[in-house]
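According to TrEMBL:
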- 34-468: domain 'Amino acid transporter transmembrane' (DOMAIN)
- 38-59: transmembrane segment (TRANSMEM)
- 66-88: transmembrane segment (TRANSMEM)
- 126-147: transmembrane segment (TRANSMEM)
- 168-185: transmembrane segment (TRANSMEM)
- 191-213: transmembrane segment (TRANSMEM)
- 283-304: transmembrane segment (TRANSMEM)
- 324-351: transmembrane segment (TRANSMEM)
- 386-403: transmembrane segment (TRANSMEM)
- 409-427: transmembrane segment (TRANSMEM)
- 448-469: transmembrane segment (TRANSMEM)
Amino acid sequence: MSRDQFQKNSMYIETPEAFTDGSKNFDDDGRAKRTGTWVTASAHIITAVIGSGVLSLAWAIAQMGWIAGPAVLLAFSFITYFTSTLLADSYRSPDPVHGKRNYTYSEVVRSVLGGRKFQLCGLAQYINLIGVTIGYTITASISMVAVKRSNCYHKQGHDAKCYISNNPFMIIFACIQIVLSQIPNFHKLSWLSIVAAVMSFAYSSIGLGLSIAKVAGRGPAVRTSLTGVQVGVDVTGTEKVWRMFQAIGDIAFAYAYSNVLIEIQDTLKSSPPENQVMKRASLIGILTTTMFYMLCGCLGYAAFGNDAPGNFLTGFGFYEPFWLIDLANIFIAVHLIGAYQVFCQPIFGFVESKSKEKWSNSQFVNGEHAVNIPLCGTLHVNFFRVVWRTAYVVITALIAMIFPFFNDFLGLIGSLSFWPLTVYFPIEMYIKQSKMQRFSFTWTWMKILSWACLIVSIISAAGSIQGLAHDLKKYQPFKAQQ
């Protein structure tokens, strides 16, 4: 999802070349001259935001109904746009137009807020990255299972008992990631990000088209309501509350792109000012994404009603045309193979750079060994990199096997990352840079917005944790689930 192709620019920035031909090919800080425009930035935002989060929107709408569901989605859309405009003004500091450029989100926080808040920002970012890699392992395995089950039902009939475990597919996914993780500077393989972005649009569009076909068809009637799943019919009163909290987290995850906004802005030409162009691009990107989300969420709810599945593509997975469902789920798996790598590369880079600083004389940590591979040329192998990256992939896969719950995990990731990265830091940096007077009207309502979003994040995290705990009670690890 998706957000993948922009993260790669944020953590691995090469040293600028010296000025060899004046300012013709370089910006004022010695880096290569940027050529991005509002058109390219808008496209970046759209492809960054639309990812696997779209798969859970029909379920989220089903928990809240026709009124609260779209209203919450629109509220997150507005908040995300508003805070993205504040973040755009923080790209240069101390002045938003003539100040020094900051190339990553964490650099912006360090430049404007500094100290402990910079450390908290790094903690929030890395928790989010780790959570996403675990979530992608779960999502990819679910899609692989959906392909196998749809083929099983197609061959044996819809009454067949096609119970298939996710675990073998998580192991397959992990093995692929272990191999890919050994390639140093994987972020330079931009073709994988391009493929991932195409896959994201493809499976989302297939899901949208299938929803329209299901609504237009004469299939069995589905139950929808203004308030979503019904107490006493679908869920208990307590379950209704917890599910609504979790649904809020799922929507937050679907809109989380703030941690790549600065990297997108860093692609823009310096004239006109980047913050003005970025605000325009954010408006176009968020409006487009919101329209797409409303269609997928609402049409998905209309297609499945209160029984909408957590991953709405798997809801089509056992009906015809089975080949189209298979194709969509294969697209998801391919997308997540690339997405996983780009999200874990910053983690790899951080740990390896810190390790090299601490054990600078260690041959195990710093030594590079050339290995000739037929047809592939020479590959430089570092033993620490092999051990550490393999261990990381194995650990995330084991966690995914223990907690293979798609909606709960997406909701938890969205809850943990939404408030600090999307709301708190942009508001705090804007207040600091603008030298806003304490307890002024603007200062007060911005603080109220921040605290309100913190409360929303807390309750949605609580809903996701409760969902995980509830699912674990009836879950049997390493056994095929229905």
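Placed from the backbone N, Cα and C atoms, the Cβ positions cover glycine too.
Automatic prediction, not curation, is the source of TrEMBL annotations.
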With an 8 Å cut-off on Cβ pairs and a sequence gap of 6 or more, do the transmembrane segment (38-59) and the transmembrane segment (386-403) reach 3 or more such pairs?
no
Mind checking which residues of the chain, 6+ beyond the ends of the transmembrane segment (126-147), have their Cβ under 8 Å from one of its Cβ atoms?
1, 52, 55, 164-167, 169-170, 172-174, 256, 259, 311, 313-314, 317, 325-326, 329-330, 332-333, 336-337, 339-340, 343-344, 346-347, 350, 396-397, 399-400, 403-406, 409-410, 412-413, 416-417, 421
May I ask which of the stretches 66-88, 283-304, 324-351, 386-403, 448-469 has the most CB pairs under 8 A with the transmembrane segment (409-427)?
448-469
Residues of the same chain, at least six outside the transmembrane segment (386-403), with any C-beta under 8 angstroms of its C-beta?
130, 133-134, 137-138, 141, 166-167, 170-171, 173-174, 177-178, 181-182, 344, 347-348, 351-352, 355, 409, 468, 472, 477-478
Does the transmembrane segment (168-185) reach the transmembrane segment (66-88), going by 3 or more CB pairs under 8 Å (6 or more apart in sequence)?
no
